[in-house]
Amino acid sequence: MNRYLAEFYKNDMKSNSEDLLSAILPLLKLLSLTVIGLFLAHPKTQIIPRATFKLLSKLVFALFLPCLIFTELGESITIDSIARWWFIPVNVLISTFVGCLLGLLVDIICRPPPEYKRFTIVMTAFGNTGNLCLAIVGSVCHTLNSPFGPHCHSRGVAYVSFAQWVAVILVYTLVYHMMEPPLQFYEVLEEGTEIEEQRPVNDISRPLLIEAEWPGIEEKETEHSKTPFIARIFNSISSRSTSTFPDIDINGDTSGSSPMSIRCLAEPRVVRKIRIVAEQTPIQHILQPPTIASLLAIIVGTVPQLKSYVFGYDAPLSFITDSLQIVAGAMVPSVMLILGGMLAEGPNDSKLGLRTTIGIIVARLLVLPLLGIGIVTLASKLDLLVADDAMYRFVLLLQYTTPSAILLGAIASLRSYAVREASALLFWQHLFALFSLSVYVVVYFKLLPAM
C-alpha cells in the first residue's frame with residue numbers, strides 16, 4: 001500500500017512539474033524577447049534608435065499582423081465555424097462590460113481627479129485582445145508538449161483574430177467618445193479660438209506606446225478630434241462657442257432656403273445632435289490593414305471555391321499563401337521587441353495619482369481574470385462553448401487577463417486627453433503584466449482540463 005501511494009505521489013509530482021514547465025516556458029520565451037528589446041532600446045545603450053522601433057511597429061501594423069491573420073484565419077474559418085465561434089465576440093463585449101463596472105468601482109474607491117473619471121473606466125475596461133494574445137498563443141503552441149493538440153497555432157490565431165473586429169469597433173466608437181477632453185479644460189477666448197490648459201506632447205517626444213498600434217496617428221487628426229465635441233452639442237453652450245463647429249446649427253435656424261435647411265427644419269433637435277455626433281465618429285478608421293485582412297480571410301474562408309484556390313498544398317495560389325506565412329513569422333518576435341522598446345522609455349509623469357494607478361492595475365490584472373474564470377466556466381457549463389476545445393477556452397480567458405490595449409494610448413493622443421497619464425499607466429500595466437500573465441497562464445493550464 002505504501003509503495004502504491006509513493007508511486008502515485010511520484011507520478012503526480014512529475015505530472016504537476018511538467019504542467020508547470022509547459023505553462024512557464026512559453027512566457028519565458030516572450031520575456032526573453034522583451035528583455036532583448038529593452039536592452040537594444042535602452043537610453044544607455046541605444047544600439048537601435050527609437051525611430052527604428054517606430055518603423056518596426058509600422059511593419060507589424062501594416063504587414064506582419066495582416067499576413068498572420070489572413071493565412072491562419074482564412075484557412076481555419078468556415079460557415080459552420082462562424083456559427084460555433086459566436087461566443088468569442090460576445091465574450092469581448094462581456095469582458096468590456098465587466099471591466100467598465102470594475103472601472104466604476106475603482107473610481108468610487110480611489111477617487112481620481114474629476115477630469116480622469118472616464119479615463120479610469122476606459123483603461124480598466126478595454127484590454128489588449130490583439131497582438132499580445134497572438135504572441136502568447138504563438139509561444140504556447142511553439143512548445144513541444146503543448147496541451148492544445150494538433151493545429152494549435154492556426155486555431156489559436158483564428159480565435160484571436162475573430163475577436164478583433166469587435167474590439168476595433170468598440171475602440172473607434174465608444175472609446176473615441178469616452179476619451180473626449182473634459183469641457184472644463186477649454187476656455188473660449190474669441191470666436192473660432194480655443195485654448196487648452198493641458199497640451200499634449202509634440203510629435204518628437206510622443207512615446208512609442210502612443211504609436212505602437214496606430215502608426216501615423218498624427219495624420220488622422222480632424223477639426224474636432226481634440227475638442228469636447230459631444231459636450232458642446234448636448235450641453236447648453238453659448239452661440240459663440242458653438243459657432244466654431246461647421247454644420248452644427250442645433251438652434252434650427254430656418255433663414256436659409258437650401259435643401260439642407262429644409263431637411264433640418266423637419267429634423268428634431270435630439271435626432272440632429274445624434275446625427276452630428278455620428279458624422280464625427282471616425283468609423284472609417286476601422287478599415288485598417290488588420291481589419292481588412294480579417295474581412296478578406298472570412299470571405300475567402302467561407303467560399304469553398306475561393307478557398308480551394310488560395311489554401312492547401314495543391315492550391316494554384318499556395319505559393320502566395322506560403323510567402324505570406326513566411327512574412328507572418330516575424331509578427332510575434334517583433335511585437336515583443338517593440339514592447340521591450342516601450343518599457344525602455346520608462347513611465348511619463350502622471351497626474352492620475354498613485355492610488356488610482358494601483359487601483360486600475362489591480363482591477364485589470366488581478367480581479368478581472370478571476371471574474372473571467374467564473375464567466376468562462378459558467379458558459380462552459382451552459383454548453384455555450386465549442387466542446388472539447390481547450391484552445392477556445394484559453395483564448396476566452398486571455399481576453400480577461402491582458403493589460404489595457406495599447407491602442408488606447410493612440411486614442412488619448414488623438415483626442416489630446418490624458419496623454420501622459422495613458423502612457424504612464426500603460427507602462428506600469430505592461431510591466432506588472434509580465435508577472436500576472438505568468439501566474440494566470442499557469443492557473444489556466446491547471447483549470448482547462450476541468451472546464
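Heads up, the Cβ atoms here are built off N, Cα and C, so glycines get one too.
The shown structure was predicted, so the numbers you read here are calculated from the model rather than taken from an experiment.
Panel annotation: around the transmembrane segment (20-41), residues 47-48, 50, 53, 135-136, 139-140, 142-143, 145-147, 332-333, 336-341, 343-345, 434, 437-438, 441-442, 444-445 of the same chain, lying at least six beyond its termini, place a Cβ under 8 Å from a Cβ of the stretch. Here TrEMBL flags 20-41 (among others) as transmembrane segment.
Per TrEMBL, the feature transmembrane segment maps to 53-73 (among others).
Taken from TrEMBL, the feature transmembrane segment covers 85-109 (among others).
Residues or ranges marked as transmembrane segment by TrEMBL: 121-145 (among others).
Sequence-distant contacts of the transmembrane segment (157-176) (same chain, six or more residues past either end, CB-CB distance under 8 Å): 68-69, 72-73, 75-77, 85, 88-89, 91-93, 96, 122, 126, 129-130, 133-134, 137-138, 281-283, 285-286, 288, 290-291, 294-295, 297, 391-392, 395, 398-399, 405, 407-408, 411, 414-415. The transmembrane segment feature in TrEMBL is assigned to 157-176 (among others).
Residues or ranges marked as transmembrane segment in TrEMBL: 292-312 (among others).
According to TrEMBL, the feature transmembrane segment maps to 324-344 (among others).
The transmembrane segment annotation in TrEMBL covers 356-379 (among others).
For 391-412 (among others), the entry in TrEMBL reads transmembrane segment. Same-chain residues lying 6+ beyond the ends of the transmembrane segment (391-412) with a Cβ under 8 Å from its Cβ atoms: 85, 87-88, 91-92, 95, 98, 119, 122-124, 126-133, 136-137, 140, 148-149, 152, 155-156, 159-160, 163, 167, 171, 175-176, 179, 207, 209-214, 217, 342, 360, 364-365, 368-369, 371-373, 375-376, 379-380, 385, 418-419, 421-423, 425-426, 429-430, 432-433, 436-437, 440-441, 444, 448, 451.
Annotation comment: TrEMBL describes 424-445 (among others) as transmembrane segment.
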Outside the transmembrane segment (356-379), six or more residues from its ends: residues with CB under 8 Å to it: 87, 91, 94-95, 98-99, 102-103, 105-106, 109-112, 116, 120, 123-124, 127, 350, 385, 393, 396-397, 399-401, 403-404, 424-425, 428-429, 432-433, 436, 440, 443, 447, 451
Result, the transmembrane segment (85-109) in contact with the transmembrane segment (324-344) (3+ CB pairs under 8 Å): no
Proximity verdict for the transmembrane segment (53-73) and the transmembrane segment (424-445), three or more C-beta pairs under 8 Å: no
